[in-house]
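Reviewing the structure listed below.
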Amino acid sequence: MADEEKKSRIRYNGQSLKLQYLPAIASFSWLVTLIGLLAGWASLKVPRYPSQNGTIPFVSDIGAQRLKPLFIIGCIITGVSFWFTIFLMHRNRHMFSTPIPVVNSEVTTPTVSVEAASPANTAAEGGQETETTTVAPTETETKIITKARKSVRGLNAASWVALIFTSIGLLSFIMLSGFDVYIYPRIHSLFLVIFGVPLFIGLAGSITLNAIQTAAYPEHKWLRKALWIKALAATILLFITVAFSARMATAERPYDYQFDQAAILEWFTTVAADIYMLTYWYDLRHILRMQQERSVEPVEES
């Protein structure tokens, strides 16, 4: 084959770029679930369910009745998709990092060995003896090594916190959809607490992971933008959740308007959570592209 007709093929050893849409799948499935629950409730002429306290139902009130299958399926798809999103973030947490500095092809130690030939010590067989001297690393090298190791430890800790606690939260999220508030009110409330607390701890771990990456690798400008987007969405979600919890804790029967306020805040919380999940698409989009660019291998056709 002529040289001008030879073209290099591109082979990707990295993860598929299609994985970047996992956060979008989680966000879309949850949005469809919410719209389906509201539409179903409205189509039934806004009934007042047995588990409902005010005139406006909570998400779990609607999900405990005829639309329970939709609620369960929506929670499963959302939970599984978002878990894989966090797992990918965990797996690629060192994507931006460079190896810890190495001296003389050995792992950096407090001292650096330099071998200098000694002409006076030449062996009879023609060999040459060497004299080894030790030189302490410079202050700059020490700072670089220390910073690199701290970044790696920080990334690992934040990433594991995010993965473990988010896993607990999402498993509880799926479980509370099955143990509905009408038949299993106590179990549902228990899973609701187990879902909320670990999920916010995992959220804090994800934000910390982003912050460490942004500080350690400022050359990637998009990391700072991703951090601000995620931090803003998380802050809004946190404030609405706190407001909902406070209103729910102080609501008393038979004042329907207090429970109505709590219900409205809960619906806003679910929408804020939906937006927060979608922010991960921006991260994965850049991470997976970087991962594939690094794994491109030119292969010439024979």
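Cβ from N, Cα, C; glycine included.
The feature domain 'CWH43-like N-terminal' is assigned by TrEMBL to 20-287.
For the transmembrane segment (21-44), the list of distant contacts is 57, 59, 62-63, 66-67, 70-71, 73-75, 77-79, 81-82, 84-85, 88, 267, 270-271, 273-275, 277-281, 284: same-chain residues at least six beyond its ends, Cβ to Cβ under 8 Å. Taken from TrEMBL, the feature transmembrane segment covers 21-44 (among others).
Sequence-distant neighbours of the transmembrane segment (70-89) (same chain, 6+ residues past either end, Cβ-Cβ under 8 Å): 15, 19, 22-23, 25-26, 29-30, 32-33, 36-37, 40, 59-60, 62-64, 159, 162-163, 166-167, 170-171, 173-174, 176-178, 202, 206, 209, 277, 280, 283-284, 287-288. Annotation comment: TrEMBL describes 70-89 (among others) as transmembrane segment.
The transmembrane segment annotation in TrEMBL covers 157-184 (among others).
Per TrEMBL, transmembrane segment is recorded for 190-215 (among others).
Here TrEMBL flags 227-244 (among others) as transmembrane segment.
Residues or ranges marked as transmembrane segment in TrEMBL: 264-282 (among others).
Count of Cβ pairs under 8 Å against the transmembrane segment (264-282): among 157-184, 190-215, 227-244, the largest is for 227-244.
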